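Data block below; observations after.
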Amino acid sequence: MATHHRPLHALLGGGAVADLLLWRRRNASAAAVAGASVVWFLFERAGYSLASVLSNALLLLVVILFFWAKSASLLNRPLPPVPNLEVSDVVVEKAVVRALVWVNKVLAVAHDIAIKRDRTVFIQVIMALWVVSCIGMLFNFFTLIYIGCTTRSVGSPGI
C-alpha cells in the first residue's frame, strides 16, 4: 500500500499564507504575531469594543480623505483615488445562500430534537453546549483565539 506524502507547505495551500504560517518569511510572520498581540491588547486589556474600533478607524479615514480632497483642490493636485463602493447582487446572493444553508441545518437539528424526540441528538447537543459553556467560563473568546493563534505560530516556526 503506497501512500503519497505531501509536504506541509503544499497542504497549507502552497502560497503566501503557507509561507506565513511556516515562518518562511520571518518578518511577515513576526508582524502577524505582533499585529495579533496589538489586536488582543486593544480588545481585552484596553477595553475597546469592535464597534468603537471600527467607528474610530472609519472616522480617521473620513477625516484624512476630507483634508486630502480639500488640500488637493487648493494645491491643484489630483483628488484621492476613492473607488466606487458598491456591493454586487452576486455577493449578496452568495451570502444569503450560505446563511440559508446554515440556518436550515440548525432548524433541522432543532426539529429532530423537538418533534422526532431523537434522544441521541438531544444528548449530543446538550453535551456540546455544556462543554462550550465550561470552556467559555474559563477563557474569554478573544483570549482563547489569541492563545491558539500565538501558540501555533510561535510554538512551531519553520516546521
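Here, residue 1 is simply the first one shown, and the rest follow in order.
Every residue gets a Cβ built from N, Cα and C, even glycine.
Among the features that TrEMBL reports, domain 'Reticulon' is placed at 17-148. Predicted-model confidence for the domain 'Reticulon' (17-148) is 82, expressed as mean pLDDT.
Annotation source TrEMBL lists transmembrane segment at 49-69 (among others).
Sequence annotations record features per position, and here TrEMBL assigns transmembrane segment to 121-147 (among others).
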Please spell out the DSSP helix, strand and coil residue counts for the domain 'Reticulon' (17-148).
104 helix, 0 strand, 28 coil
